[in-house]
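Undergrad: The structure under discussion is supplied below as structure tokens; questions concerning it will follow.
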């Protein structure tokens, strides 16, 4: 039998878990983890160069230097699975004071997610940068692991409901704790990878980089998972102690 305190804790933990999973899922699928702001182009030669860079970004083969240059110079945004740049709708946009821009995005393929990073982006002869390579792979895999742990916890919770037992709540709480750590590690890997990228690829003059709202969503998901874990572990431990005291009382 589950008393009201434990039932309330389980309900709140379930709501927190759902919110955290939704936040993390939205952040994974959006391209707004990092945003670059570049100055407008007013000269035709620069506009021609940007058109070529745009075509290479959208249709050419994946190259880290090309992608980075396009993001730097075309108000690009970067996510875990997507990269986007702002492109003009008019051929003579550089002559207009306020040209209309649209955002065009390209997804990272699975093979691109595991492509090695080099010490000098675009130079395959410079040697593989193992730290950046594995940071990128971790930031791709860890959020999937986090969601997988939550799904596994949900399946265990469903089985526990069918069995009428609160004991699995302890293990479900531990799964949520691991999910929260994976979400936090995802953000840390992304920030560390961006910092190392900016060290090997210097930002052009007057180009600024800022964190996007998707990163903050993933960051919020981590403490929500951990709070859900704390409530689940508390409910399981408290229920176990209450059951033990009740059993001792009956025996006595």
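Heads up, residue numbers simply count up from 1 along the chain you see.
A Cβ is built for glycine as well, from the same backbone N, Cα and C atoms used for every other residue.
What TrEMBL records for 7-26, 140-163, 170-193, 213-236 is transmembrane segment.
Each of the listed features needs to be described in terms of its position in the shown structure.
TA: Here the transmembrane segment (7-26) has long-range neighbours at 143, 146-147, 150, 153-154, 157, 169, 173, 176, 179-180, 183, 214, 217-218, 220-222, 224-225, 227-229, 231-232, 234-235, meaning same-chain residues at least 6 beyond its ends whose C-beta is under 8 angstroms from one of its own.
Long-range Cβ contacts of the transmembrane segment (140-163) within its own chain (Cβ-Cβ under 8 Å, at least 6 residues beyond either end) map to 14, 17, 20-21, 24-25, 27-28, 80-81, 113, 169, 171-172, 175-176, 178-180, 182-183, 185-186, 189, 218, 221, 225.
Sequence-distant neighbours of the transmembrane segment (213-236) (same chain, 6+ residues past either end, Cβ-Cβ under 8 Å): 5-6, 9-10, 12-14, 16-17, 19-21, 23-24, 26-28, 30-34, 79, 143, 146, 150, 166-170, 172-177, 179-181, 183-184, 186-187, 190-191.
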